[in-house]
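One structure is given below, encoded as structure tokens.
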Amino acid sequence: MQTSDTRALPLLCARSVYKQYSGVNVLKGIDFTLHQGEVHALLGGNGAGKSTLMKIIAGITSADSGTLEIGGNNYARLTPVHAHQLGIYLVPQEPLLFPSLSIKENILFGLAKKQLSMQKMKNLLAALGCQFDLHSLAGSLDVADRQMVEILRGLMRDSRILILDEPTASLTPAETERLFTRLQELLATGVGIVFISHKLPEIRQIADRISVMRDGTIALSGKTSELSTDDIIQAITPAVREKSLSASQKLWLELPGNRPQHAAGTSVLTLENLTGEGFRNVSLTLNAGEILGLAGLVGAGRTELAETLYGLRTLRGGRIMLNDKEINRLSTGERLLRGLVYLPEDRQSSGLNLDASLAWNVCALTHNLRGFWAKTAKDNATLELYRRALNIKYNQPEQAARTLSGGNQQKILIAKCLEASPQVLIVDEPTRGVDVSARNDIYQLLRSIAAQNVAVLLISSDLEEIELMADRVYVMHQGEITHSALTGRDINVETIMRVAFGDSQRQEAAC
């Protein structure tokens, strides 16, 4: 963070930036400035225009009008190559790595020969506290480590303007602190950072200034110390919310055939001494009508466990019982038919077909059940139902999923999972990259689902989210669950963190 108001010329100054897509104005005369040695946080609801503005600055797309002043020079438009040459690097919310290449190859990919310094890369790895093997395949990394690799790519390019899009979305508190420490070191060298996030406590910790976007405009901007939390939330929230949003409470009842026949409290999913890649001897029971939280540090084995339950990874030992029937040998499709549905952590690579239409994506799992072929009119009607329930923002049902903002993509993925009529719904980081308003919509929906006696397994790195949502909580530590479920007053951030870090005293007390 900056400690002085003495500043040279701004690193970046965007003036009167306009952008339109398909006749819809997504940016309406944006002014945005970034100075040396400062963190300028950018907030806003889904579809507010944050990603579009950053893509224009990074040269990925061009503005219809307006200018970018960088280093004292004015530019009407940039290309990605030109942006890199000017020291601009965008670290995307969804890391864009080559999974079949090594970590080292990914970091060095596209660098000029003069920048190919192994010693520099090793120094950066050490400074960030990254423990991964440079020769391992990038595809073997979890989301948090892929995020670190993307940041390293930017640092290797001597970036002066670093754009971080939800950089802490999948990081643990300890990893976030380590990242912030490294960012402080970068700021001292004169680097400017645009920090896109929905986590207000983190923004207050790291940012010098805050700008809030709403409906393609800057609704609020100022020094962090001078803006209250109420001011920020009010600026993010639309002045008028659709009355149809309350349909999320009625959504489940409106979907024929989506009512599991289990009484509340009935055991629906039981794991008996499960062992697989990244976890061992995991036992737990998930009951109808409850939200069971699964917490733990990144790398604790939570996602690996979820993918094994859904049949995406090989089970090495133990039994998975769904409705008192073993499903160990069933395929993913057969598990889906029996009501086990999984919402993956990485929506872009695992959850959605980005080139397919929104309507097709929402009904993709039911297409498989009825012979794959889509019924356009029915799919469009289904999408409209979820649009009203989840307040999804889009222009037409035929548009590709990749054209939506990250938060609206997440809502499409949630709708896709709900349309598959789950009896057990496993949600892995369901609010990752989602703004405050949309997050509350998703929370309301998950509670509504559980109220219809669906069993919900909630995996989240956001411990406050776990505390708010879960009826019971298991914590994984180094691939194991070594304590009984937390309940009642024990479901709090402090207790969860102690268990996640292997607090033996807490574990013994809980058993």
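In case you wondered, yes, glycine gets a Cβ from its N, Cα and C as well.
Keep in mind that what you see is a predicted model, and the values were worked out from it rather than measured.
Record features, source Swiss-Prot:
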BINDING   GLY44, GLY45, ASN46, GLY47, ALA48, GLY49, LYS50, SER51  ATP binding site
DOMAIN    12-240  domain 'ABC transporter 1'
DOMAIN    240-503  domain 'ABC transporter 2'
> Other than its own, how many Cβ atoms are within 10 Å of the Cβ belonging to ALA48 (ATP binding site)?
Replying inline: 27
> Is ALA48 (ATP binding site) helix, strand or coil when read with DSSP?
Replying inline: coil
> What residues, ordered by sequence, lie under 8 A Cβ-to-Cβ from GLY44 (ATP binding site) and sit at least six positions away in the same chain?
Replying inline: LYS50, VAL212, MET213, ARG214, ALA219, ILE236, ASP435
> Counting across all protein chains shown, how many other Cβ atoms sit within 10 Å of the Cβ of GLY49 (ATP binding site)?
Replying inline: 25
> GLY45, GLY47: which of these binding-site residues has the highest Cβ count within 10 Å of its own Cβ?
Replying inline: GLY45
>> For the domain 'ABC transporter 1' (12-240), what's the mean pLDDT in this predicted model?
In response: 86
